[in-house]
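**Q** Provided herewith is a single structure, encoded as structure tokens, for subsequent inquiry.
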Amino acid sequence: MEDGITLYSVLIIICLVMSAFFSSTETALTSLTELKINHIIHEKGSKAKALELWLLHPNKVLNTILIGNNIFNILGSVLAAEMANILFNNTPIALVTGVMTLMVLIFGEITPKTFAKHNAEAFSLFAIKILRLFYTVFYPVSYSLNVFVKVLIKFMGGEVEKIGPSITEDELEFLISVGEKEGVLEDQKREMLHNIFEISDTIAREVMVPRTDMTILKVDQPINDIINVVSQTEYSRIPVYENRMDNIIGILYVKDLLKYIKEDFASIDIRKIMRKVYFVPETKKIDDLLREFQLNRIHLAVVVDEYGGVSGIVTLEDILEEIVGEIRDEYDKEDDDIVEKASESEYIVRARMDVDDFCEFFGVEKSEDMDEYETLGGLIYDLAGEIPDVGDEFHLDGYTLTVIEKESRKLKKIKVVKNEVNEDSEDEQYE
């Protein structure tokens, strides 16, 4: 009798161990995304090759786990009932079932699944090798169940095959944000990755050099004047127009001009050395424009509005700056949007400051209406409803904006002052 009890005890323990194995394997495998498993296989090589079974046949592997788990749970309960009957004679089946259920719950479900959840990668690498044996043994049953379940799911109108990519763009952006919060990604790297996603929603109008800030040459301009413009601006590519600015007919490359440095400059015909213009609409997505720049081996495009008028120019550098941030070379001057900080509550800024940068720096809530313009100057024009004059003041979200410098109709500098909050009035408001 003692030998029988010992055998039953050993068999019940084996059933609990196998139940724990199948439960933990299920949790470990389902905790790993397809992307994570592919990464493990790539990193570990042949040591993780067995995980391909889960990627290729997830339904059949899951069937194998569930079949094995149920077999050992049921077998353990039967053995426990038999052992209880030998020991105590006519033990109520409900009592035996209750005790065995508690043991399976603790040792076959909760404990192993909790362990596997927090050690998914390491346990999966170990468990999948053992699971392959059961996969082979249970394959006929697993395959039959898989076919039956697929038919049943299709009958109910569900999908049985994976639809769509393993990870979406939104999920990837979320992973980047999580990586930054957990310290895996540095702020700069996260910002660059975020900017890469943003450029697909950014259009040429948002990054271009506006028409009013363009350096431009007239096709019949004296060559000495052209040389002066080139030396003063130090740009390598300059648009050329004929008669009016909206009629840009070419792009002058300074390196092409330098080829004639030993010749008589007076005889140079700009028409013969300028290159073809590449025009793009204001609404051109800059990620598409970047690809076109690469394919056509160009660095500059002229941006036109819906009426064909010139709005500005956009360069390869402008697009790259949307990803990596401001790029300054030896010719760039420090020309920040924040001109002067008079105090903690008073700043002098340039009117061309980007609206998004302004709102972020000063903590101003950006409304949907602000999407209609790109710069602080555009915002002030909207607030004024007319061409503002020097000294005009405008109020926005706790700030007073004052025009302090303009050139013709173009606003140059704005004074931004944070309004003082009357503490007494605040107290009265909340009483």
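Glycine too: its Cβ is placed from the backbone N, Cα and C atoms.
Okay, so TrEMBL annotates it like this:
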- 1-189: domain 'CNNM transmembrane' (DOMAIN)
- 208-267: domain 'CBS' (DOMAIN)
- 273-330: domain 'CBS' (DOMAIN)
- 7-25: transmembrane segment (TRANSMEM)
- 61-81: transmembrane segment (TRANSMEM)
- 93-110: transmembrane segment (TRANSMEM)
- 130-153: transmembrane segment (TRANSMEM)
**Q** Six or more residues beyond either end and a Cβ under 8 Å away: which residues meet both conditions relative to the transmembrane segment (130-153)?
**A** 21, 25, 50, 53, 59-61, 63-65, 67-68, 159-160
**Q** How about long-range neighbours of the transmembrane segment (7-25): same chain, 6 or more residues beyond its ends, C-beta under 8 Å?
**A** 65-66, 68-69, 72-73, 75-76, 79-80, 82-83, 86, 103-104, 107-109, 111-113, 115-116, 123-124, 127-128, 130-131
**Q** Short question: which residues 6 or more past the ends of the transmembrane segment (61-81) have a Cβ under 8 Å from it?
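**A** Distant contacts of the transmembrane segment (61-81): 8, 11-12, 15-16, 18-19, 22-23, 25-26, 29, 53-54, 91, 93, 96-97, 99-101, 104, 108, 131, 134-135, 138-139, 141-142, 145-146, 149.
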**Q** Please list, for the domain 'CBS' (273-330), how many residues fall into helix, strand and coil according to DSSP.
**A** 21 helix, 16 strand, 21 coil
**Q** By DSSP, what is the split of the domain 'CBS' (208-267) into helix, strand and coil residues?
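**A** DSSP classes over the domain 'CBS' (208-267) add up to 22 helix, 20 strand, 18 coil.
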**Q** If I take every residue in the domain 'CBS' (273-330) and average their pLDDT values, what number comes out?
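**A** 89, rounded to a whole number.
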